[in-house]
């Protein structure tokens, strides 16, 4: 038997003298506090005495993570559920950025760039540039907000002085550019800017104020076309990514384009930077927290990843895939089923036209929250507590793509606000407050929208001025208006002759002229003759107007789709309402439906253009026919014989 040390012998004797502890099911708060204190003071002794967890530790509940001052941080973020204002471009808006010098810059698909100045409440227009002859591929603003650049498929880069809103340089690149980014920091001798070639992995570094000759070329850093280039101004490092999922760290001219020395890793195997390649995805958006320590990305697999910049280790992953939203809708309904289906169709179209690459992510000024657009609206995520704390624009009929966040006070005052001024009851000083604003671009719209802390005054009124018409109508719109002044093409009543009886309707040509014109011209031309009611849902509606009878066909009298015409006095507030069927916003063709119950959830989604005045019993009989439960198509065809327009 081995000899025992003195301390082992004393401990063994103590164990023998200790009485057997009674079983405890619960501990009082005082006992719990004392036990925790004793366990902390005598860690070494406890480790020798016990094998496994202490009884007190086993009863400790895991505390929920809380972000201190979260309410204060949220007070400085937009909170309105609906957008306050929207402004126009001539074409679909694709990009938006916000500068530290209180400017908002928007770019549209036709190569135009607009400068807007943030004021105390809202924004004001500053200047309009025809920047490129073709499509704008990417825009970027410098870290201090002094310089802005854009690249387009006209093989050119335009450089602007933001504060003086003037174009100061133009570079002829000689290749089709893909991405661009200012990679200099305040104090650097050269205002360097990076641009990538769209079809290869090459990165060219230029002097933004210089000539067309590149200062440096990265030709082996990436082997696939680049998807993002972003500067971390705190650590003076650049992060770039390509379509193969590879992510690289590098520096600009002051550090001779080498690997940054201030990061805490040397080999990628020590990081999670291969995560995208493992998932066969790539980043479509990259941004950094204000302190430079966090990096947020959105991937082509629709996952949001939050990582530590210095170590490259993953912190959080948020799944925003379509399958996740479908499961969420099934578990707990987020939207009405029809609206959810419409938004899912928009998401699939996003993927079809590769517009997912335009969705971006931004940090707030604290670095505790990220904001990005989803099919439910703009999500505000607390990355510390792993919770979605707010959704902006859930009620709106827009799919948010790019967004820019402004926080702070736009109007600069001559004197700084002192403690005495803050404590005073001066009403003028009390009016000086922050106006946090999210400026976002939607999918396939020529407007950009602003979410603030203020809800719009009246969204249902036709005279609501939250949508500002700051652009002149196009030539096509003028011609369409001129043609409408010719022979009368519309009427205020029609009779739909069906195989089950006649339906008399009243139309609204004043409130929705284009929709009524489309219906009347189609009816006069015999377009609807022989069309079946291809979709009938008992207790909801009957739908027709598709020449194919599948629900996928039909077009307008202009040979395509036309825009919605919502009016405050025309609602789905009663049965026997005529309304246009669509596949999303501004996709009206020839299909229409007649409701058999009030359907208020369809307001501002489908254009109401008529009411049934006689023949309600015919509509009811049609809605009660037997249908295929899977397709809602009647077993025996009910068809339109013809439509008489009075």
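Just so it is clear, glycine is given a Cβ too, placed from its N, Cα and C backbone atoms.
Swiss-Prot lists 1-30 (among others) with the feature region 'Disordered'.
Annotation comment: Swiss-Prot describes 2 as N-acetylalanine.
The compositional bias 'Basic and acidic residues' annotation in Swiss-Prot covers 17-30 (among others).
Break the repeat 'WD 1' (88-126) down by DSSP state and the numbers are 0 helix, 24 strand, 15 coil. What Swiss-Prot records for 88-126 is repeat 'WD 1'.
Averaged across the repeat 'WD 2' (131-170), the predicted model reaches a pLDDT of 95. The repeat 'WD 2' annotation in Swiss-Prot covers 131-170.
Under the heading repeat 'WD 3', Swiss-Prot lists 221-260.
Remote same-chain residues near the repeat 'WD 4' (278-319) are listed as 227-228, 230, 232-235, 239, 241-245, 247, 262-265, 268, 270-272, 356-363, 365-367, 370, 372, 381, 383, 386 (criterion: CB distance under 8 Å, separation of at least six residues from the stretch ends). As annotated by Swiss-Prot, repeat 'WD 4' applies to 278-319.
Annotated region 'Disordered' per Swiss-Prot: 455-490 (among others), in sequence order.
Annotation comment: Swiss-Prot describes 455-478 (among others) as compositional bias 'Basic and acidic residues'.
The domain 'PPIase cyclophilin-type' annotation in Swiss-Prot covers 490-645, and the record cites sequence analysis as its basis.
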Secondary structure tally of the repeat 'WD 2' (131-170) (DSSP, helix then strand then coil):
0 helix, 23 strand, 17 coil
For the repeat 'WD 3' (221-260), what are the DSSP-based totals of helix, strand and coil residues?
3 helix, 17 strand, 20 coil
